[in-house]
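Asker: This structure is in structure tokens; I'll ask about it shortly.
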Amino acid sequence: MKKLFLIIGAPGSGKTTDAQIIARDNADSIVHYSTGDLLREEVASGSEYGKTIDSFISKGNLVPLDIVVGTIINAIANAPKDVIIIDGYPRSIEQMEALDEKLKAQNQVQLVSVIEVEVSESVARERVLGRARGADDNVEVFNNRMQVYLTPLKDIETFYSKQKVLHKINGERMIEEIVSEMESFIKGKM
């Protein structure tokens, strides 16, 4: 059975970087997908599907549920390894419920943990505005993305706490410390 780890955190929390390092250092057993990267790859392809996605991403808005869930389920189904890390998902109660429904309806993938990388809004803002990753890294879009992240957060935390799969990590430390803690946690659950 494949084991799924979801990593959530504010924009700029470091969730993608943390997951990339862990997957790179454990390439024999762990594969990582970033929801944002999966969607950005589709946009970069220039497809009609990509243009639809871009009309949401460029404004900092959530991509429609069916597109995101389809993208995630497709990535899980085609994952070449048995341990899968997906960061940036879920970002809404609807995304959470849709994935939960899909996972309950099958027996190939087990959600092992949802890891929340915690950072303050000021640290997140400083990090995002200090990087130049894309057109979506400006103050207005950051503020929108932060609201989009914070609005459903308590409900997402409660949902996964009840399932006993929520694990919080302090994201305001040196990246080596964060990665070390996250990697130990994941390996302990493999």
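We number each residue from 1, going along the chain as drawn.
In case you wondered, yes, glycine gets a Cβ from its N, Cα and C as well.
Not measured: the values here are computed from a predicted model.
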Asker: Figure out which of ARG40, ARG131 sits with GLY12, SER13, GLY14, LYS15, THR16, THR17, ARG173 in the ATP site per Swiss-Prot.
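Answerer: Record check against Swiss-Prot: ATP site with GLY12, SER13, GLY14, LYS15, THR16, THR17, ARG173, extra candidate from ARG40, ARG131 is ARG131.
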Asker: Can you say which of 130-136, 158-164, 165-171 is given as region 'LID' in Swiss-Prot?
Answerer: 130-136
Asker: Could you state the whole-number distance in Å separating the C-alpha atoms of ARG91 (AMP binding site) and LYS15 (ATP binding site)?
Answerer: 13
Asker: Taking Cα atoms as reference points, rank the binding-site residues SER13, THR16, THR17, ARG131 by distance from THR35 (AMP binding site) and give the first.
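Answerer: Going through SER13, THR16, THR17, ARG131 one by one, the closest to THR35 (AMP binding site) is THR16.
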Asker: Could you state the whole-number distance in Å separating the C-alpha atoms of ARG131 (ATP binding site) and ASN61 (AMP binding site)?
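Answerer: So the Cα of ASN61 (AMP binding site) lies 20 Å away from that of ARG131 (ATP binding site).
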Asker: Long-range same-chain neighbours of ASN61 (AMP binding site), Cβ under 8 Å, sequence gap at least 6?
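Answerer: Same-chain residues close to ASN61 (AMP binding site) (Cβ under 8 Å, separated by 6 or more) are ASN144, VAL148.
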Asker: Run through the region 'NMP' (34-63) and tell me, per DSSP, how many residues are helix, strand and coil.
Answerer: 20 helix, 1 strand, 9 coil
Asker: Suppose we draw a 10 Å sphere around the Cβ of TYR89 (AMP binding site). How many other Cβ atoms does it contain, all chains included?
Answerer: 23
